[in-house]
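Engineer: Sharing the features that Swiss-Prot gives for it:
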- Y132: active site, proton donor/acceptor (ACT_SITE)
- K160: active site, schiff-base intermediate with substrate (ACT_SITE)
- T44, I202: pyruvate binding site (BINDING)
- T43: site 'Part of a proton relay during catalysis' (SITE)
- Y106: site 'Part of a proton relay during catalysis' (SITE)
Amino acid sequence: MIRGSIPALVTPFKNGELDLDTLKKLVDWQIAEGSTGLVPVGTTGESPTLSHEEHETVIEAVVQAAAGRVPVIAGAGSNSTTEGIRLIRFAERVGADAALVVTPYYNKPTQAGLMAHFTALHDCCNLPIVIYNIPGRSVVDMTPETMGRLAQLPRIIGVKDATGKIERVSQQRASCGAEFLQLSGEDATALGFNAHGGVGCISVTANVAPRLCAEFQQATLRGDYATALEYQDRLMPLHEAIFLEPGLVGAKYALSQLGLCSDEVRLPLVGLTDPTKARIDAAMRHAGLI
């Protein structure tokens, strides 16, 4: 079952190449710490700067490392429907449990174009699909009405909502039904998101604080919002500090401070400034991570 704390995994590099040994260790650590799912090659996995071959290699490596212990929701989005079909078919072939598919970016499809794109992906395979709606990056915003029509397809099972609009959860419950999975795509607002009916978060911060994020999610899902608020207060400085610069760069730096992963990223991303490093260090101390 897809719910709870689901890290959008970083993709480790070593001297410019994929570091699959470290990736597999991160998968084991995440599962041991309580993460309830994994998303390889999303935005946080630096998918824009991976080749198609690397993209597929990372998906397969995470599926193999997870070995059925938690669901793997493979990043399979593209602004080309043809490329999206290739990626989602590969994810299905290697044993992913679902695919995370971002709304096509840059070419700005209409709502009719979004319907056609996601319908084509749905019809090309038997893999469950989670829509990824992130208008801040893709420029297009899937409306609750369009999502409701897509939710009628049997394998469109949910959404990662990164609109930052908490009211969308209630609107999408109305258009898609209460059983449609709604996962927050924004760590800082995940508390309110779940209070409105969400069931989890595809998280950047969970790369660094998987146990805290998992326990936070568990508290919300059992309706214990007093405990969840205590976790929120502990994690909020880290949510903010990680995103002072691109979030995946912050997450990799924090992981490097824990001795779990290099902070190496690919251009055009660059390493953090010293003031941001200091903020992340302070937030990690506040959370009790270092």
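Glycine residues also receive a Cβ, built from the backbone N, Cα and C atoms like all the rest.
As the structure is a computational prediction, the values presented were derived from the model and not from experiment.
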Engineer: What's the CA to CA span in angstrom from T43 (site 'Part of a proton relay during catalysis') over to Y132 (active site, proton donor/acceptor)?
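Structural biologist: Distance (Cα to Cα, whole Å): 11 Å.
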Engineer: If we check Cα distances from Y132 (active site, proton donor/acceptor), which of the recorded positions T44, Y106, K160, I202 wins as closest?
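Structural biologist: Of all the candidates listed, K160 is nearest in space.
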Engineer: Just name the winner among Y106, Y132 (the recorded positions) by count of other CB atoms within 10 A of its CB.
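Structural biologist: Answer by Cβ density within 10 Å: Y132.
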Engineer: Please report the three-state DSSP label of Y106 (site 'Part of a proton relay during catalysis').
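Structural biologist: In the DSSP reduction, Y106 (site 'Part of a proton relay during catalysis') maps to coil.
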Engineer: Please name which of the recorded positions listed here, T44, Y106, I202, is nearest in space to the residue listed as 'active site, schiff-base intermediate with substrate', Cα against Cα.
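Structural biologist: Closest by Cα distance to the residue listed as 'active site, schiff-base intermediate with substrate' among the recorded positions T44, Y106, I202: I202.
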Engineer: Of T43, T44, the recorded positions given in the record, which has the fewest other CB atoms within 10 A of its CB?
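Structural biologist: Candidates: the recorded positions T43, T44. Fewest Cβ atoms within 10 Å: T43.
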Engineer: Tell me the Cβ neighbour count for K160 (active site, schiff-base intermediate with substrate), meaning other Cβ atoms within 10 Å of its Cβ, over all protein chains shown.
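Structural biologist: Neighbour count, Cβ to Cβ under the 10 Å cut-off: 26.
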Engineer: According to DSSP, folded down to helix, strand and coil, what is K160 (active site, schiff-base intermediate with substrate)?
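Structural biologist: Going by the DSSP assignment, K160 (active site, schiff-base intermediate with substrate) falls within a strand, counted as strand.
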